[in-house]
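Lifted from TrEMBL, the feature list:
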- 24-149: domain 'VOC' (DOMAIN)
- E78, H96, E145: Zn(2+) binding site (BINDING)
- E145: active site, proton donor/acceptor (ACT_SITE)
- 155-283: domain 'VOC' (DOMAIN)
Amino acid sequence: MATGSDAGKSAEAVLEWPKQDKKRMLHAVYRVGDLDRTIKCYTECFGMKLLRKRDVPEEKYTNAFLGYGPEDTNFALELTYNYGVDKYDIGAGFGHFAIANEDVYKLSETIKSSDCCKITREPGPVKGGSTVIAFAQDPDGYMFELIQRGPTPEPLCQVMLRVGDLDRAIMFYEKALGMKLLRKKDVPQYKYTIAMMGYAEEDKTTVLELTYNYGVTEYNKGNAYAQVAIGTDDVYKSAEAVELVTKELGGKILRQPGPLPGLNTKITSFLDPDGWKVGSLTVN
């Protein structure tokens, strides 16, 4: 039996892995009611590319990956259509995706000229600041923040999720997944605080924007948004670290690490302390 000291050293060793691992945010998975309509919307309105599409009739679903660059270097959106299901509940917990663009005014005009997306917030500077933003809504009701920014290798720049305890969420993603707190901003006049978490600076990669609204500790998550996937060099070590952190902060392992049937890819999946699902996989 290990002594308390040995157990402590073991835990420290397990938690060293997320700091060393070369993790990367890979894609976000969510459900849509009309796959071809959404593909048309994202390619025409947002300028995304259809990276690949696959139909899985034995499991009655089709999915499509869209983004601004190859999946081995860029973040992607994985849209899933389940046969016969044309509507989902987005809930109150999911916030938005964000797209960085050099001219949000021009992008907004492109969106307005389409017949699939709509602008819900006209382009202009944020209150009390200079950054130009707009908001657009797709046919399924998903919100996209459009952020005016110089050239970037990753236009799909944010996934925003609401959490009930911001400090706990920050600690979870730092310890379990090796993310860095890039910045934290409190906005007391509007009663919310945000934290940007990621593996590189905001203008270089996709980040998680975690939002805490004063006094709100739980959200209805609906059944539309599914998960974010994160690449790892070793899914077994990553799962070990996650499992250890969940014992301290909450959350749970949903799928123990292992290979997908018929594939070399190895995956694990888990819930964070707020119940948001995360998939971690070894990319071969």
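Backbone N, Cα and C define each Cβ position, glycine as well.
If you take every residue in the domain 'VOC' (24-149) and average the pLDDT, you get 97.
According to DSSP, the domain 'VOC' (155-283) comprises 30 helix, 57 strand, 42 coil.
Sequence-distant neighbours of H96 (Zn(2+) binding site) (same chain, 6+ apart, CB under 8 A from its CB) are F135, Y142, M143, F144, E145, Q158, M160. Here E78 (Zn(2+) binding site) comes close to H27, A28, V29, Y30, N63, A64, F65, A229: these same-chain residues lie at least six apart in sequence, with C-beta atoms under 8 angstroms from its C-beta.
In the domain 'VOC' (24-149), helix, strand and coil residues by DSSP number 23 helix, 58 strand, 45 coil. The number of other Cβ atoms within 10 Å of the Cβ belonging to E145 (Zn(2+) binding site), over all protein chains shown, comes to 20.
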